[in-house]
Amino acid sequence: MFHSPIVPRVRKRSRAAEVGIPGREEVKFEDVRLFLVERKMGRSRRSFLTQLARSKGFIVEDVLSDVVTHVVSEDIHTSSLWTWLKECDLKNLTHMLVLDISWFTDSMREGRPVAVETKHLIQDTLPEASTPTAVVSVSQYACQRRTTTENNNKTFTDAFEVLAERYELNEIEGPCLAFRRAASVLKSLPWAVRSLGATQDLPCLGEHTKSVMEEILQNGRSFEVERILSDERFQTLKLFTSVFGVGPKTADKWYRRGLRSFNDVLADSSIQLNRMQQSGFLHYEDISRAVSKAEARALRNIIDKAVHAITPDAVLALTGGFRRGKEFGHDVDFIVTTPEPGEEETLIPKVINRLTKQGILLYTEYQASTFDMSKLPCHRFEAMDHFAKCFLILRLEGSQVEGGLHIAEGDSRGWRAVRVDLVAPPMDRYAFALLGWTGSRQFERDLRRYARMERQMLLDNHALYDKTKKELLAATTEKDIFAHLGLEYIEPWQRNA
Ligand code: CTP
Ligand code: MN
Ligand code: MN
């Protein structure tokens, strides 16, 4: 049934104290960290079983913490065990395997962690549990999974991303989304997939996905992915769409015209670049370079000063990838608003004004608000929201960045260009905008899909509409929205789906 995704790796553990063992045992199964529950087992039996497991190369933790992967118990009273586990205040509880002693004895007999089967699982039967099988079952919805920036399956997800991009560039939506979903499921796993068997209970993995995984497991790479990466059209479209303001349609048009490089494009007199594309080419080196956390913080200071000079009670929030805890991003996203209804609409033009006067605005594209509360709910999904917003390129001075700029070696300009997005929703739409702009895109897609499919509700960056009750639901925080949807709250840093 449930296969343990573990391949033994032998390594001498030098810091034995770390796992609380006297130095000699060799750790054979680094990815398995056991915790034996003392209640019912008793202290002396627990101590005996601990020694036994350690002598066979298992790591046994003395205390229950988030590093534990396998909790082993002899307690047959499921509910009291689970009540106790929940009181331990673990972040990671839904990712832990809570196992009956039979799994432990089987593993000791085999001398390795045996595959976890349903019969081994002690499942939570408490009424407040979201689903009884939450311990091991992975939801098909990203908004029911916790996905940190730590990706244990990067080889697979990188390959899926290439495949998804290939379909996206060819405007084939279905398979594109399928690969994105599959990648998202694998990103949520606290373990690395080491065999196809380990994936059999995972959702969203189709035939094609699995065959790619099988290839990677066998050969370390996928022939199909390599073929795409070396394909001239793919390479050229990727290059062209990497320019700010160039989408797949324009890229394809240029490709069909026989253009293959930036020089080809810039030398073609029949091509009229729009303002955005001109800036895209002008600042290409800078804006295709990742923005660091320190740079995002520096920009936050700049925007913070600007909005507060304009409206002292303005609210500013960092959103997008940096709010999810990413170390680097392609831009920096902010939400700004004020408590005075209507005033938020003038906020962005005023900020733009100020940045212009400071001489740090390199490019701006402003979109005035087209938001109309009376037109809610919007039935079109994935479309941009209607709030006032702007897409900027700002000049960031190195002196303002703690630890300095993230620039190429030998770059002595002392500044760089950075992409910044600002969005200004009215205060009563703040929670929806914050949730919508925090991402990830896959997380957002699945929140909306979940609302629609499971709750008969419509969610977007503006509002949440209950189709059954025929009413808009109010929310002042993201937690309110999760609660309306009947979802467990997922922290921003767990939304890297
Ligand atoms: N978004 C949106 N409407 C837009 C642009 C973006 O709702 N017009 C949302 C996206 O759904 C995404 C979030 O805003 O969830 C941030 O978008 P983006 O900056 O493109 O992505 P990040 O997740 O921040 O990734 P990166 O770190 O690369 O910037
Ligand atoms: Mn971003
Ligand atoms: Mn953005």
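Even glycines carry a Cβ here, placed using N, Cα and C.
TrEMBL names D331, D333 as Mg(2+) ligands; from the candidate set D231, D421, D428, D446, the record adds D421 to that same site. Minimal Cβ crowding within 10 Å, among the binding-site residues D331, D333, D421, is found at D421.
The Mg(2+) site, placed at the center of the C-beta atoms of D331, D333, D421, has further neighbours from the same chain whose C-beta lies within 8 angstroms: T319, G320, G329, V332, F334, F391, R419, V420, L422. Across the domain 'BRCT' (24-121), the model assigns an average pLDDT of 90.
Classification of D421 (Mg(2+) binding site) by DSSP places it within a strand. Secondary structure counts, DSSP: the domain 'BRCT' (24-121) has 39 helix, 16 strand, 43 coil.
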